[in-house]
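Just below is one structure, and these are the notes that go with it.
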Amino acid sequence: MKLARFSRLGFILAAAGSAVGLGNIWKFPYITGEYGGGAFVLIYLITVLLIGFSIMIAEMLIGYLGRRDTVTSFEELAPRNKHIWKLGGFQALAGLFIMIFYSVVIGWIFNYIITSLSYLPASVEEAETTFTTMLHSNFWIQLFYHTLSFAFITYVVHKGIKSGIEKLNYYLMPALMVILGGMFIYATTLGGFSKAVDFMFMPDWSKVTSEAFVVAVGHAFFTLSLGMGAIMTYAASLPKDANLVKSAFWVVFLDTTIAIVAGLMLFTFLYQYGSGPAKGPGLVFISLPAAFYEMGILGNFFAVLFFIALAFAGLTSSVSLVEPMIQYFIDRFGWSRLKSSLSMGFFFWFLGIFAILSNIDGTKEFLTWGSKNFFDWVDYVTAAIMLPLGGLIMAVFVGFVIPESEVEKVVKPQLKWAYKPWYFSLRYLTPVAMFVVMLSLMGII
Ligand code: PHE
Ligand code: NA
């Protein structure tokens, strides 16, 4: 079967589109707030450079050498024990699982785009009521927007790599950067900006706990889309002459820059108009709309633009979350792209209904086990276990299973002197770090 190929720029935009998501604009600012600012940011940055960047190259390499869906790529590249190694490819399931809540959150964002046109909450308390009312009692609104998100994503992926995914990213990624860039420039003119800079870049080491460290490492993974085969699947459609190291550099650079720009901008607005940084997961849906309200006439305009940018970020990540499994059924079972896209879409749409119900009064009681409801469990199992495990498998696979000569042939000319340190870090540093992160996140250490 002949795969449509990305152009080189198209690949970088699509991989950056995958990486830049809800993780950057919603999660990064709020965990930075929670774990104390500067020192946390520094740990995250070091992790991205030392571990994230090297796994990004490794994951791209598996896709680039394998040229197939994730399962077949693992199978074909393993010289021995093919049946065991091909299990690594089923990491791609994590993408469908993530979609169960990702699509619901994109639905909330759609809802906020529409409501922010004419309404903003006058206080943080009011904002909290608005958000929790939607979350706990408004099943139909959430289902409606979740379905819209499903329909849009499924439509795009059914058009394929070139005229679906590449095209989507060609429009949405520049638009996203222009919107965030514009709002960021406005933020730099406000008095709150210097407070935001201090908060994000002045390390206060007293706030660094071992948990902060683990969260920073885990987030580096999630934010770069590593460990589940999204980047691998895109790299399977790279042109032969593509430079993996350069591509990986751009993806890491864009993802990191956008996280920092979004963080500085949000904290500036919160210092200037709101209640300061440490506001937890409600930051984007609760504290921020209340801050936009204080902006006056510009507020609605900014709020709508902001939620549009957030939706763009979420949608370009979503297509990369479903594409690996779509590719798998096309490659291995000969399904048509339409059939595969609809089936994968239906899977996350259907389970997404339970994610919504697990927050709704009256049904949430039945969908809660232990301290977490279904929505939180899916988030937890994917981010805390599946992605780090996937990263570990990929590092070991490139470090020990693929013959070194094959790795060297592609990567050494691109990395030059840095090849040896990269290979070393992939073999020893990364597996140990990922293992520790996994155990801590599972609460074992
Ligand atoms: N990187 C995306 C984000 O930051 C999430 C994601 C994870 C996308 C894994 C694809 C694969 O939101
Ligand atoms: Na990201």
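Cβ from N, Cα, C; glycine included.
Residues annotated as transmembrane segment in TrEMBL: 37-66 (among others).
Taken from TrEMBL, the feature transmembrane segment covers 87-110 (among others). Taking Cβ pairs closer than 8 Å, the transmembrane segment (87-110) reaches residues 21-22, 26, 69-75, 134, 142, 144-150, 153, 227-230, 233, 285, 307, 310-311, 314-315, 317-318, 320-325, 328, 344, 347-349, 351-352, 354-356, 375, 378-379, 381-383, 386-387, 389-390, 393-394, 397 in its own chain, all 6 or more past its ends.
Sequence annotations record features per position, and here TrEMBL assigns transmembrane segment to 139-158 (among others).
According to TrEMBL, the transmembrane segment annotation covers 170-193 (among others).
Among residues of the same chain six or more beyond the transmembrane segment (213-236), those with a C-beta under 8 A of the stretch's C-beta atoms are 3, 6, 11, 14-15, 18-19, 21, 23-24, 27-28, 31, 35, 40, 43-44, 47-48, 51-52, 55-56, 59-64, 66-70, 73, 89, 91-92, 94-95, 98, 165, 244, 251-252, 255, 259, 317, 320-321, 323-324, 327, 383-384, 386-391, 394, 433, 436-437, 440-441. Residues annotated as transmembrane segment in TrEMBL: 213-236 (among others).
Annotation comment: TrEMBL describes 248-271 (among others) as transmembrane segment.
The transmembrane segment annotation in TrEMBL covers 291-322 (among others).
As annotated by TrEMBL, transmembrane segment applies to 342-360 (among others). When Cβ-Cβ distances below 8 Å are used as the criterion, the transmembrane segment (342-360) is approached by residues 96, 99-101, 103-104, 135-137, 139, 142-143, 146-147, 150, 153-154, 157-158, 322, 325-326, 329, 335, 367-368, 373-376, 378 of the same chain, each at least six residues removed from its ends.
The annotation transmembrane segment is assigned in TrEMBL to 380-402 (among others). Sequence-distant contacts of the transmembrane segment (380-402) (same chain, six or more residues past either end, CB-CB distance under 8 Å): 54-55, 58-59, 61-62, 65, 74, 77-79, 85, 88, 91, 93-94, 97-98, 218, 221-222, 226-229, 232, 372, 423, 426-427, 430-431, 434-435, 437-438, 441-442.
Look at TrEMBL and you will find 422-444 (among others) tagged as transmembrane segment. Remote same-chain partners of the transmembrane segment (422-444), defined as residues 6 or more beyond its termini with a Cβ less than 8 Å from a stretch Cβ, comprise 47, 50-51, 54-55, 57-58, 210-211, 214, 217-218, 383-385, 388-389, 391-392, 395-396, 398-400, 404, 407, 411, 415.
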Outside the transmembrane segment (248-271), six or more residues from its ends: residues with CB under 8 Å to it: 12, 15-16, 19-20, 23-25, 28-29, 32-33, 41, 45, 48-49, 52-53, 56-57, 60, 176-177, 180-181, 183-184, 187-188, 190, 192-193, 195-197, 199-200, 223-224, 231, 277, 279, 283-284, 287-288, 291-292, 295
Same-chain residue ranges lying at least 6 outside the transmembrane segment (37-66) that approach it to Cβ under 8 Å: 28, 31, 72-74, 76-77, 198-205, 207-208, 212-213, 215-217, 219-221, 223-224, 226-227, 229, 231-236, 238, 242, 244-245, 247-249, 251-252, 255-256, 260, 263, 277, 391, 394-395, 397-399, 402, 406-407, 410-411, 415, 422, 425-426, 429-430, 433-434
Intrachain neighbours beyond the transmembrane segment (170-193), with Cβ under 8 angstroms and 6 or more residues off its ends: 10, 13, 16-17, 20, 25, 258, 261-262, 264-265, 267-273, 302, 305-306, 308-309, 312-313, 315-316
Beyond the flanks of the transmembrane segment (291-322) by at least 6 residues, Cβ under 8 Å: 14-15, 17-26, 95-96, 98-99, 102-103, 105-106, 109-110, 112-113, 116-118, 120-123, 149, 152-154, 156-157, 164-165, 168-169, 172-173, 175-176, 179-180, 182-183, 225, 228, 230-231, 233-234, 269-270, 272-275, 284, 341, 344-345, 348
